[in-house]
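Okay, here's the structure, questions in a sec.
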Amino acid sequence: MKLSFTKMHGAGNDFVVLDGYTRALPPLTGAQVRALADRHFGIGADQLLLVEKPTVDGADFKYRIFNCDGGEVEHCGNGARCFVKFVRDHGLTGKASVRVEVKHGVITLTMQDNGEVVVDMGAPVFEPARVPFDASGLDGRREGADTLWPLPVNGVTRWISVVSMGNPHAVQIVDDAEAFAVRVDGPAIERDPRFPQRVNAGFMQIVSRHEVNLRVYERGAGETLACGTGACAAVAAGIRRGRLDSPVTVHTHGGTLTISWNGACDERAPLMMAGPATTVFEGVIELPA
């Protein structure tokens, strides 16, 4: 079967986007997702994004996202930005703002006149059981309004914030994000048994109260050039710890995101993420068996 696709990226976090809205797509197996995402024998991507018809009232579209290991995940902020550019560029909507069904609810995406996309990422969740994170038997340490949890990582105790942005994140503050051994500690944190759904590991260097450098080791994808939900989780943790003030410029290897959150006044407030979305190329590929 021939499969039309669009290759896109948001700040270097790249996606294969498939249109299941105007045409019927067969259910994709994990092996097929891995083959399409393979950078040597397939198209190459961190994740695969499906555009579908919504199944809930009040949504214009539905999106599903799969990591390059074939597993379906809850949410991706960079993918959400690419999503709204895709549906507008392909004439599926003329709206500047669209409401999109994701696994954990409905989010609002807005295309700005400058070409950047603003995503209402929803409110962060800090309760360990809802992240989910098993904090049983651990003695947490308070910093500001946050609780830091000790996690043994390769023989060293790391103090982490746990945050859900619809998907789980473990955030730690480091002195130098560029020099930190992300690809050593990242896999150990990702698969720590206290995270029953595995976890995205964020390593944040604070430059000022409005600026950070961030690297994220994503579950099922490894280190990516940018992670939208990871940027939101890191900023939320930093504000809650009293280290950051909104808005925050987040520098990643792939580009810059701007995160705003009024969480110092109301933790139920949504995080707003602004950043680029870029189409790289379009093509047709034979769907692997």
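Keep in mind that glycine also has a Cβ here, set from the backbone N, Cα and C atoms.
From Swiss-Prot, for reference:
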- C76: active site, proton donor (ACT_SITE)
- C227: active site, proton acceptor (ACT_SITE)
- N13, Q47, N67, G77, N78, N167, N200, E218, R219, G228, T229: substrate binding site (BINDING)
Roughly how many angstrom lie between the C-alpha atoms of C227 (active site, proton acceptor) and R219 (substrate binding site)?
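Roughly 11 Å, rounded to the nearest whole number.
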Identify, in sequence order, the residues in the chain of N67 (substrate binding site) that are 6 or more apart from it along the sequence and have a CB within less than 8 Å of its CB; answer 'none' if there are none.
D46, Q47, V73, E218, R219, G220, A221
Using the CB centroid of N13, Q47, N67, G77, N78, N167, N200, E218, R219, G228, T229 as the substrate site centre, which other residues of the same chain sit with their CB within 8 A?
D46, I65, V73, H75, C76, G79, V216, A221, T224, C227, G230
What is the interatomic distance between the Cα atoms of T229 (substrate binding site) and the residue listed as 'active site, proton donor', given in whole Å?
6
Going by DSSP, give the three-state secondary structure for N78 (substrate binding site).
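The three-state answer is helix.
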In DSSP terms, helix, strand or coil for R219 (substrate binding site)?
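The three-state answer is coil.
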Including all protein chains displayed, how many Cβ atoms other than that of the residue listed as 'active site, proton donor' lie within 10 Å of its Cβ?
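There are 31 such Cβ atoms around the residue listed as 'active site, proton donor'.
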Counting other CB atoms within 10 A of each CB, which of the binding-site residues N13, N78, N200, T229 comes out lowest?
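Ranked by other Cβ atoms within 10 Å, the binding-site residues N13, N78, N200, T229 bottom out at N200.
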Three-state secondary structure of C227 (active site, proton acceptor) from DSSP?
coil
